Amino acid sequence: MQEVELFTDGGCRGNPGPGGWGALLRFGGVEKELKGAELDTTNNRMELTAAIEGLKALKRPCKVTLTTDSQYVKNGITQWMTNWKKNNWKTAAKKPVKNKDLWQALDEALQPHDVTWAWVKGHSGHDENERVDELANQAMDELTG
């Protein structure tokens, strides 16, 4: 299985408001950058979208180390999702899971891959995290002019 590093970030100007996401894939010395934006979204939706789009860009099953600065995304996958699925996409408090559509899309995007999740503190000087933050901001700038 090919080893791939995936770095993701999402952000919003206003929450909700215009938002963007960025992803950086690195494999075998090659880097690929992805970005996108939406006019009316939330920070968490953009964080999820970055991970989904990064994984969807992989054309074959890979061993992925996915690094995010989003505790929401990392904890959702590593701690909460199993129970959400068992409880028909309800939280422990019996409320519907927010962003269910994107959590389900992320769950599907993960299936072909062997993914290890890593968390990094945002805006802490981590080079790749700073780059995907720049990509998310570029995407927002391009969307809003």
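Cβ atoms here come from the backbone N, Cα and C positions, even for glycine.
Now, the feature entries from Swiss-Prot:
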type: DOMAIN; residues: 1-141; note: domain 'RNase H type-1'
type: BINDING; residues: Asp9, Asp133; note: Mg(2+) 2 binding site
type: BINDING; residues: Asp9, Glu47, Asp69; note: Mg(2+) 1 binding site
Inset, instruction - Would you count the other CB atoms within 10 A of the CB of Glu47 (Mg(2+) 1 binding site), including those on all shown protein chains? - result: 28
Legend entry - Cα separation, Asp9 (Mg(2+) 2 binding site) to Asp69 (Mg(2+) 1 binding site) (Å, whole number): 7
Legend entry - Spatial neighbours of Asp133 (Mg(2+) 2 binding site) that are distant in sequence (at least 6 apart) but have CB under 8 A: Asp9, Gly11, Gly22, Gly122, His123
Legend entry - Assigned element (helix, strand, coil) containing Asp133 (Mg(2+) 2 binding site), judged by DSSP: helix
Legend entry - pLDDT averaged over every residue in the domain 'RNase H type-1' (1-141): 97
Legend entry - Candidates Asp9, Asp69: member of the binding-site residues with the richest Cβ shell (10 Å): Asp9
Inset, instruction - Would you identify the secondary structure of Asp9 (Mg(2+) 2 binding site) according to DSSP, in three states? - result: strand
Inset, instruction - Using DSSP with the three-state reduction, classify Asp69 (Mg(2+) 1 binding site) as helix, strand or coil. - result: coil
